[in-house]
Amino acid sequence: SNKRKNAAMLDMIAQHAIRGCCSDPRCRYRCR
């Protein structure tokens, strides 16, 4: 249960990272 909560938080952080990585080709997250 605790792991699931951590995963959700990481997913939220990843969403922010994706938004900030639109113009950076080196970023592993991309805008969709």
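Cβ coordinates are placed from backbone N, Cα and C, and glycine is handled just like the others.
As annotated in Swiss-Prot, Cys22 shares a disulfide bond with Cys31, one of the listed residues Cys27, Cys31.
Of all the recorded positions listed here (Cys21, Arg26, Arg28, Cys31), it is Arg26 whose C-beta has the fewest other C-beta atoms within 10 angstroms.
Secondary structure at Cys31 (disulfide bond), as computed by DSSP, is coil. A Cα-Cα distance of 11 Å separates Pro25 (site 'Key residue for potent inhibition of the rat CHRNA9-CHRNA10 nAChR') from Cys31 (disulfide bond).
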